[in-house]
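A quick write-up on the structure given underneath.
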Ligand code: HEM
Ligand SMILES: *[C@@H]1O[C@H](CO)[C@@H](O)[C@H](O)[C@H]1NC(C)=O
Ligand SMILES: *[C@@H]1O[C@H](CO)[C@@H](O)[C@H](O)[C@H]1NC(C)=O
């Protein structure tokens, strides 16, 4: 489909990729990494594909639920950094023996892989070999939140994609829904986040669904949202499950779907923050935005150990 135009643009961007490689060798993310000639179509492609994906299916599968790419990004960044390793399929010929996507917290749960694939194939046609899957995931996540009328944040770009995945780190470092507050604080501290940032980031649960196995006993009556792929599920935010807003925080200690949501109110200073976000969506949006920007920079690859994958699911 896009093939007729690729020869010319490949020629153009191959040359332009040389300064790109040398700048990544210095290990710098930059706000203007793909500016103008490198890939001027990038922002538009990501925006169009994300809104197409978000609003293709009716709720609960479409719309907000596809904003669940938020979770994909979180689970990428918390495991050896925002390096798109979570996208890699098992491929023994490339040394990928176990996938992060098959780890306990991810298997039969993470969504949005095809959305990343479709964005990447369009970006690849427009700007071959230039834009990493890790950057696409960072951009798509932000655009999903924007499309849902949530907050926005500035992104630095120039991440490279990993040539490895680490399933055991996915199993050890991704927080589990049965966690108590100290365990959650420690899991986020390991990645450089403060306890207040844990509270702000948990507001991502303003959208999306959970499987009943992850639901607190006290909330089991909420496991009644039918889905075609996972049976009955429960809305993480039972008041406005379709809106990116701050109602997740309302009476969170009672209403939180999982233990990990409920315990955010169990420490006085954090409970004060929960109440602040519940009262002020603007306060939540501002703190969520800065914490997401920070998340987008966790452990990024910019040196010799990364690459720009031609296919997000496979090492080159
Ligand atoms: C604080 C620690 C966290 C824990 C323990 C946790 C746990 C979970 C669990 C168990 C689910 C349901 C998954 C399923 O049943 O398939 C879920 C869903 C979700 N989580 Fe979290 N989460 C946490 C933080 C975050 C953060 C920081 C983000 C993003 C910034 C996030 C984004 C999401 C989204 C969007 C969904 C909905 C997914 C969907 O509808 O498919 N979570 N989370
Ligand atoms: C976002 O806001 C616009 C303008 O108010 C509205 O038309 C649109 O339906 C909203 N989108 C979502 C997903 O809530
Ligand atoms: C995978 O992660 C674990 C736990 O963080 C770490 O001990 C191990 O060295 C990592 N393996 C590789 C190959 O990086």
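Quick reminder: no glycine exception, Cβ is built from N, Cα and C everywhere.
Those TrEMBL annotations? Automatic predictions, nothing curated.
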Further Ca(2+) 2 ligand in TrEMBL, beside 237, 240, 245, within candidate set 194, 206, 265: 206
Residue 39 (disulfide bond) versus residue 245 (Ca(2+) 2 binding site) - Cα distance in angstrom: 32
Local backbone state of residue 77 (disulfide bond), from DSSP in three classes: helix
Candidate recorded positions 79, 133, 206, 223, 240, pick with smallest Cα gap to residue 39 (disulfide bond): 133
Sparsest-packed among the binding-site residues, when each Cβ's other Cβ atoms within 10 Å are tallied, from 76, 83, 100, 237, 245: 245
Residue 223 (disulfide bond) versus residue 237 (Ca(2+) 2 binding site) - Cα distance in angstrom: 12
Distance from residue 75 (active site, proton acceptor) back to residue 81 (Ca(2+) 1 binding site), taken between C-alpha atoms, in Å: 9
Where the C-beta lies under 6 angstroms from ligand 1, the matching recorded positions among 71, 133, 175, 212: 71, 175
